[in-house]
Amino acid sequence: MANVAVIGAGSWGTAISLVLADNGHDVLLYGREQEHVDEINSSHTNSFYLKDAPLPESIRATTNLKEALDGRSIVFLVVPSSAIRPVSKELNTLLTEPVTIVHAAKGIEPKTHERLSEIIAEEIEPAKRRAIGVLTGPTHAEEVAVRKPTTITIACADLDVADEVQELLTNDQFRVYLNSDVVGAEYGGALKNIIALAAGMTDGLGYGDNAKAALMTRGIVEIARLGVKLGANPASFSGLTGIGDLIVTATSQHSRNWRAGNAIGRGEKLEDVLGNMGMVVEGVRACEAAHSLAKEAGVEMPITEALYNVLFEGKSPHDEVKKLMRRPQKHEMEQVFHFEE
């Protein structure tokens, strides 16, 4: 049995806590909202985020971050990407022994263009962390919480640590694969949200299955092109951390990114959509960061650019689709496998 802290009592943090508790581990879940923490401890539910999922009674929750970390050897950091830096700073002030840190967020910091593990490494002193890993893949918390079969990847440069995390989480409903390509895992998880937003938008526009299939296929090509340019293994984009994550995020109404894109496609304004969602839509931040990164790296990302124009430049979705359809003609396999071109 391991002593585990889960930082973040949202839908995904709660679902990860459930998997760990099912496997017999001692789980202490940290949340900022006293109301949610009290409900977890008294009713063993977290109805704001996972309304149909009773939780194991062994899961305990607290609003005291120091208490959550005390005596814990593994820390799962399950907060929005925008909170990774401030929360990591807090952890650095409170950690007294080195711990394994596994983050389960998907994003890129817009101002610095840093991946989330890079931010964690900056903010938490080396003496206070044993290793940094990322848990990512095609997972909806709503399905994990009711124990539907799910597969996911733990990516870590230290495969011995990854193996430990794999053992912690794996059970009959939750299968974990190993990957040493942290760069590819993080870029796959972050950049696919851009394509998922665009997929929701095509559905909202009523363009049908043909357009959505084309968007997803060409979308994985362009996010892989950027990821490989920035140091990722191209194989990661054909696995759970790439195409797998894209499929689940771009095709399901569980997906916040799909729902946000769908609403925009139906004519709603971005600010209204974000206000009504009540939860983070990571694809918006990812689009802003990727648009800038692509310019710096000299990588062509036409779908990302089109989405950026809609979200941040006020352009018409219909007009941007027309521009995509009338781009110069080319061979389909151009730059699909030869990413360096």
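Keep in mind that glycine also has a Cβ here, set from the backbone N, Cα and C atoms.
Cross-referencing Lys66, Lys106, Lys315 against the NADPH binding annotation in Swiss-Prot, which names Ser11, Trp12, Arg32, Ala141, Arg256, Val280, Glu282, picks out Lys106. Asp245 is the residue from Asp181, Asp245 that Swiss-Prot records in the sn-glycerol 3-phosphate site together with Lys106, Gly137, Thr139, Lys192, Ser255, Arg256, Asn257. If you take the C-beta of Ser11 (NADPH binding site) and look for same-chain residues 6 or more apart in sequence within under 8 angstroms, you find Asn46, Tyr49, Leu50, Ala141, Glu142, Ala145, Met279. Ranking the binding-site residues Arg32, Arg256 by the number of CB atoms within 10 A of their own CB puts Arg256 at the top. Note: the Cα of Thr139 (sn-glycerol 3-phosphate binding site) and the Cα of Arg256 (NADPH binding site) are spaced 13 Å from each other. Between the CA atoms of Lys192 (sn-glycerol 3-phosphate binding site) and Trp12 (NADPH binding site) there is a gap of 18 Å, rounded to the nearest whole number. According to DSSP, Trp12 (NADPH binding site) sits within a helical segment.
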